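J.: Submitted below is the structure of interest, expressed as structure tokens.
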Amino acid sequence: MQRDHTMDYKESCPSVSIPSSDEHREKKKRFTVYKVLVSVGRSEWFVFRRYAEFDKLYNTLKKQFPAMALKIPAKRIFGDNFDPDFIKQRRAGLNEFIQNLVRYPELYNHPDVRAFLQMDSPKHQSDPSEDEDERSSQKLHSTSQNINLGPSGNPHAKPTDFDFLKVIGKGSFGKVLLAKRKLDGKFYAVKVLQKKIVLNRKEQKHIMAERNVLLKNVKHPFLVGLHYSFQTTEKLYFVLDFVNGGELFFHLQRERSFPEHRARFYAAEIASALGYLHSIKIVYRDLKPENILLDSVGHVVLTDFGLCKEGIAISDTTTTFCGTPEYLAPEVIRKQPYDNTVDWWCLGAVLYEMLYGLPPFYCRDVAEMYDNILHKPLSLRPGVSLTAWSILEELLEKDRQNRLGAKEDFLEIQNHPFFESLSWADLVQKKIPPPFNPNVAGPDDIRNFDTAFTEETVPYSVCVSSDYSIVNASVLEADDAFVGFSYAPPSEDLFL
């Protein structure tokens, strides 16, 4: 007889917290949304709620459970609702309110509380018999389905909201296009993927992982951010920051290698981004010059999160064989368990390439290159400083347990003498002028993109949307494989 895991799930005591709140703007209106993290057993997900929704739940519960003496912060009639201290204080009060809800079974089993926390949504329930990859692909799955927009909710995005101007990139599943939003004339990079190709290659988990990671990127200056995601019956759309300083790969091809001070600057910004991802239990796994963009003034922006692995803490490991051959760490090639330190190996490989012009163990024959990565000693040529030699040797250490970053992760990178002349606080605030400026002419300048892409004709099919084919965050999505893909920020807060 099969065990009823759903019943186990419902009997579990949830834990909740409000890690952050965000201010949103649309049509000159400002509003605050509180991000609630819900954990039950092996499952975790985010629910986005406005103050009005907390207030409604509170008023329902206080009538039914007067002895509980529940409290939430009062509505503010006068004063600045967006004062940081006020928002911080309100968030703390709302956090205390939901903590009280999960202390007592009679409260957290109340239908309104379960609905508020989305506890009965089937996609949040996990079967202990599932393997690690299956569980992690569902973890923190579908932020968008948890946004309760109410009767005046945000209209979903759709292809006809944009003018698609140029092809600026291509990948295995589709194209990246420069697009201008008709509403306000803002420029975005829109990644358009063919569902059929994704499904045929069984890559839907990676696409959903990419979407989940993109939603968490908004807090870091060196990671590309997601504005919208939506889908039609045939395609998936990511609406992203348009970063038009060109790929690091593009500039490396033109210049062969970079001076050490320039390579150091890029390596530091890349390391900062990787350190942030590691801090939220994400391993990037695909660092390479093609995935490193420069913005309009020359700062680094990491993109393409399809190979990211979620839910990996510093002491955790995973085993999936993935990445780009030139940058694979030895433990990945050996199909051994690996951890965050694969990203530090990749940082070493990219830094080596920036300084010397080629990846450290490069060979046209992939089998021979793998053998080089596994067994060949690192070759360091003259022309760089002793601290550069040192960090390359420590990052490109074949034994992951002895690699720089193995013990204290990003902190070890920060403290290496190679970065001694650099202020990390200034770096993350973009106070250090980039050593190279791409000199873009404007927000729609595409000179730093390969003409092999930009001269292509924009496919008409990416621009087409009809009402029956659009699927968005507020309705049941047509294809179960991509449930939770769509995302749009909420449009207004009823009680600021």
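A Cβ is built for glycine as well, from the same backbone N, Cα and C atoms used for every other residue.
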J.: Labelled motif 'Nuclear localization signal' by Swiss-Prot, one stretch among 85-95, 195-205, 448-458. Can you tell me which?
T.: 195-205
J.: Looking at Swiss-Prot, which one out of K75, K191, K216, K219 binds ATP in the same site as I168, G169, K170, G171, S172, F173, G174, K175, V176?
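T.: The one candidate that Swiss-Prot places in that ATP site: K191.
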J.: Say a student had to find the phosphothreonine annotation in Swiss-Prot: which of T143, T320 would be the correct pick?
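T.: Residue annotated phosphothreonine in Swiss-Prot: T320.
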J.: Taking the domain 'AGC-kinase C-terminal' (420-496) alone, what is its mean pLDDT?
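T.: Average per-residue pLDDT within the domain 'AGC-kinase C-terminal' (420-496): 74.
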J.: If you count Cβ atoms within 10 Å of the Cβ of S486 (phosphoserine), leaving out that atom itself, what do you get?
T.: 27
J.: For the C-alpha pair, I'd like the distance in angstrom between D286 (active site, proton acceptor) and S486 (phosphoserine), rounded off.
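T.: Pair distance, Cα basis, whole Å: 24 Å.
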J.: Where DSSP helix means H, G or I and strand means E or B, what are the helix, strand and coil counts for the domain 'PX' (12-124)?
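T.: Split into helix, strand and coil, the domain 'PX' (12-124) gives 48 helix, 31 strand, 34 coil.
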